[in-house]
Ligand code: MET
Ligand SMILES: [Zn+2]
């Protein structure tokens, strides 16, 4: 048998994005939106059926985010949003905020989903949370598929993952009084599926691969012990992914689940757990061997090895071949890539190709002598990969090559002297709205419809306009707007050697925002300057400092697909070298402030604490390698967003930057207390408005925020800026807010 944990849902050409955004803008009718969603689901189910997948997921679809779907289904959303009676409107208000007819609702905060670049919306659980089955989405989708002749495996988010990943104020999630009602909802759902005739239900508990405590184990036993009494004829799969379940393996196998899904790609230790503790004879084992979060072909030899080892402990007939996690994290299909480097294509597998891999591996596994199987032979041939320099240059490095001199206290004085900025300097994070004309022009340039010169003068005109705007509203540190960049990582991928860029390799990042992660396939080199010309041009237009914006090495690495045989620390160091060359070139051209974005520094932080140190050591070293050679008066900024930096401020301090801006607008500034208590010395710019909401923020509101920030951070250490880049916003939404931001900063300055 073959199982898929989850399938991408945005549509092969990001269709869903256009429908949802169209609906929000009033251009698409609700019926059209719903029909588009039904069509996509149908397409996904039939495709999986075509490849012979036995356990096809449903309820893995989402208009915006599956975590939000789950919160809504459990009734775990603030009552204020229920003022919007329409289900979709209420849902989208939670996702995007809602400002109309005197109603002003903020969007829920977002956080990164484990170590991926997918962001989920974070509901808050309070003493007022009343769990109650509040949506029939999973049932509707099950029926819909049944109508197509497919009996799906509905997917539900697990209780512990939901509780641990939600925000809590004033509640103890382990207290039975708190979760009892939620259990009732899960029971109701399970009973419903039992009645509807579902053979399988999949409960996702990725949180089980993290460090767990006794109370987590107790919760699992109590909660699932009670829930599973109600499963009737439906077989319940406990699905885990992103690692191994060493802290709960024994508890889990002793529970009455019918199947256990284990990740054998990121969770190599799972195999050892099985060999050490055995695997119960009454359960199916869903063996996650096809990597759901990378785009490279499976190495059949490796997979067959794993399966053969498993077969010592589990009958072949009870082993179900599976993806290691949801395919949500990879693009749809290679069939839309007609311009890819031919040498690279055979090494790639997107979601659709992964379905095929499952079929092929199953065939090989079940055939007697696999080593003669044609699928096996063809795959084995591939793995004589093109060589890279990854082993070079190593170990010669001296730690002090990465230390910036003089120390921060000295540098910051020199910089303040050189820059002459007012206190509470105002700035932005780099990108300005990518208006339709910018996107259209880029498209035309890429299709060869306009010349390089025409394209460049278009971008320059944009830069001129945005510099003017920033001067007019009185920002202190300006940016060039990043108009030349489709995406902060893809742009670098396109312009550096070593990357492969897809045409259509879209992956959902959050809601309707999709990214096209570049693929790192060869050694990385910089053959030309990447950003210098435009930034230099921007600086030539103004006497105010223009901040040069670059993407940092760790973020480029983490937002690319990297060949599995390339050690990430080596790739990071190669990237650091090329970004450093760019930094030095910017400095040479008189750029006084350089921001090296590390939005994704924490993203690939291992889920287990015991592995953190190794990760931070090489990641921070790569970052420092970029900055080590710059002059003391050149101010180095970094920007981070949407991750739990609160817990890692001392590590972030080791990056030794001069200024750090970060996303905090949606998280009530709890971070500021942490900053005060941490070893971080840098000046800080906690974003004062949420760039993902179209809401225009009034001056007074921002004044209040600044005042609150000043209670926690000294006035000479505080910067005023939005919480992230403005690329995805509309000018008419964001220009007034920026203007208000500058006014608010000025008003506060007057009070000193
Ligand atoms: C996701 S972080 C974005 C940083 C980038 N400089 C921008 O402004 O868009
Ligand atoms: Zn950001």
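Every residue, even glycine, has its Cβ placed from backbone N, Cα and C.
Whatever TrEMBL says is automated annotation, not expert-curated.
Per TrEMBL, L-methionine is bound by 429, 430, 431, 482; the candidate from 305, 597, 617 named for the same site is 597. Just one of 514, 724 is listed by TrEMBL for the same Zn(2+) site as 639, 641, 663, and that one is 724. Among the candidates 17, 221, 229, the residue that TrEMBL annotates alongside 117, 513, 514, 559 as binding 5-methyltetrahydropteroyltri-L-glutamate is 17.
Cβ neighbour count for residue 17 (5-methyltetrahydropteroyltri-L-glutamate binding site) (all protein chains, 10 Å cutoff from its Cβ): 17. Mean pLDDT for the domain 'Cobalamin-independent methionine synthase MetE N-terminal' (2-313) in the predicted structure: 96. Highlighted here are the recorded positions (429, 597, 641, 692) whose C-beta falls below 6 Å from ligand 1: 429, 597, 641, in sequence order. Here residue 597 (L-methionine binding site) is positioned 12 angstrom away from residue 559 (5-methyltetrahydropteroyltri-L-glutamate binding site), judged by their C-alpha atoms. Checking the recorded positions 17, 431, 597, 641, 692, 724 against ligand 2 with a 6 Å cutoff on the Cβ atom leaves 641, 724, in sequence order.
For residue 724 (Zn(2+) binding site) paired with residue 429 (L-methionine binding site), the C-alpha to C-alpha distance reads 6 Å. Rounded to a whole value, the Cα-Cα separation of residue 514 (5-methyltetrahydropteroyltri-L-glutamate binding site) and residue 431 (L-methionine binding site) is 17 Å.
Looking only at the recorded positions 17, 513, 639, 641, 692, the one with its C-alpha closest to residue 429 (L-methionine binding site) is 639.
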